[in-house]
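These features come from Swiss-Prot:
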MOTIF     35-45  motif ''HIGH' region'
BINDING   GLU36, PRO37, ASN38, HIS42, ILE43, GLY44, HIS45, ALA46, LYS47, SER48, THR232, ARG262, LEU263  ATP binding site
BINDING   ASP68, TYR213  L-glutamine binding site
MOTIF     269-273  motif ''KMSKS' region'
Amino acid sequence: MSKPETPAAANFLRPIVQADLESGKHAKIVTRFPPEPNGYLHIGHAKSICLNFGLAQEFGGECNLRFDDTNPAKEDQEYIDAIKSDVRWLGFQWAGEERYASSYFDQLYDWAIHLIEAGKAYVCDLSPDEAREYRGSLTEPGRNSPYRERSVEENLDLFARMRAGEFPDGARALRAKIDMAAPNMNLRDPILYRIRHAHHHQTGDKWCIYPSYDFTHGQSDAIEGITHSICTLEFEDHRPLYEWFLDNLPVPCRPRQYEFARLNLNYTITSKRKLKQLVDEGHVGGWDDPRMSTLSGYRRRGYTPASIRAFCDMIGVNRAGGVVDIGMLEFAIREDLDANAARAMCVLKPLKVVITNYPQGRVESLELPRHPKQDMGVRVLPFSREIYIDAGDFEETPPAGYKRLIPGGEVRLRGSYVIRADEAIKDEAGNIVELRCSYDENTLGKNPEGRKVKGVIHWVPLEGSIKCEVRLYDRLFKVANPEKSEEGGSFLDNINSGSLVVLTGCRAEPSLANARPEERFQFEREGYFCADLKDSRPGAPVFNRTVTLRDSWGQ
């Protein structure tokens, strides 16, 4: 696609931060990125990372990495390690050590007691189903819990016994006492603590009660001195509760919450629950499968940190929602790799060519530039009597407009000579297994005399080329909105069965023999590829297609 028409890095938060600093409201900006460690980061998180770390960098502030680890049943150290790796890979470093909401559990417990003593929190014995019924709906007010008027002394006693482990999971909960008739349902006596007898990856078995996200979020911001607490729009209705807690607790500072529109990318799913389902049910090879929308998946596919940062800059930051075309992300990586990826040749479907009039035993060393514009040096290809071309570059009965090799026709070999197809050798089934060609020895680096050769094809030497595996990745979903499915179906019905094609027996030029994991190339005429982070080995490389040379989706 051509360069997308987008505002120049629109960001409604930038003037807010600038004004706060200029007015002296804040001496320094402090932001935070607070993921829950219950899955791998995805492309939507990249927008939040670039926003929070980017604002801090731009205005000379700091950004904390804080793990919102209040739900031990779904969290794991694997996710913590992956998140830290992904943030660093994107090019950012958090202030000091990483932080954990669980580090504040003692303080949060004390603040819960503060609310109980102030008559603003109570222990409720309603079951989850009963509490849901009492809560009401958007059109009907809720009803007060029958346990709402317990005395301060009884609530303190029950809360202490909750912590001591006397009650089973779900038997009781600590709730804030706000307003069961509030139009904003988040203010209808929200839960502060639940009983969960679960081992925690940071605190072990110290706690059997865990604070809710809403109770943890703002107070963690206050403890860390966050000035601008930036989250996505679905938390806009939670802001009154965020502020209620700050109003009613002796917090050391008062952060402010701002909301922006989350990233919605077509042909993509970013629900961590559904991404986990794809992994658990074997639809993909793992969280870092190159078809996944996870940052580790994009990394393994060959996306660069710079391309993802550029994409996030292109789409900007605003409060209006909408769906972003995945073509913008693909545009960003094409721009990056076109400028920075070394060129190489790889034949995906090798067809042997014998150049019958080329001298037996002769080998020429041909120098080809590693990049057409940047000074990256040259790579050397041996040229001799036998080479490989791609089977798709020869047609006995070509369609209209075909400019590659045909019987009696000529093409130029990239960086080499003009050859003519003289004879096609077939096996018993009629498949072409070899071409006999002749070359024009006067066409190295110049056009043939008296005729024009339009087609140029890539090639590799038969001797010296390396065998490799090439994985052709495409979009995991075949429809723009994979969440939408037929009645009774699921998003899994929209999986693109052609999202991965594995080609073995490909032949690559010698310079690719020792490609480093994650090293990126443009395979001339084929697309942009990278050596696989996990499976590629010296002498046995595996290349993943990052993106095609141009947007050909649906064509």
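A Cβ is built for glycine as well, from the same backbone N, Cα and C atoms used for every other residue.
Recorded features from Swiss-Prot, shown on the structure.
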| residue | record | Cβ neighbours (10 Å) |
| --- | --- | --- |
| GLU36 | ATP binding site | 17 |
| ASN38 | ATP binding site | 17 |
| ILE43 | ATP binding site | 23 |
| HIS45 | ATP binding site | 24 |
| LYS47 | ATP binding site | 23 |
| ASP68 | L-glutamine binding site | 19 |
| TYR213 | L-glutamine binding site | 15 |
| THR232 | ATP binding site | 15 |
| LEU263 | ATP binding site | 24 |
(request) Could you round the CA separation between THR232 (ATP binding site) and ASP68 (L-glutamine binding site) to a whole angstrom and send it over? (result) 15
(request) Look up THR232 (ATP binding site) in the DSSP assignment and report helix, strand or coil. (result) strand
(message) Quick check: of the binding-site residues listed here (HIS45, LYS47, LEU263), which one has the Cα closest to that of TYR213 (L-glutamine binding site)?
(response) HIS45
(message) Just to confirm my parser: what is the rounded mean pLDDT across the motif ''KMSKS' region' (269-273)?
(response) 95
(request) Summarise the motif ''KMSKS' region' (269-273) by DSSP state, stating how many residues are helix, strand and coil. (result) 2 helix, 0 strand, 3 coil
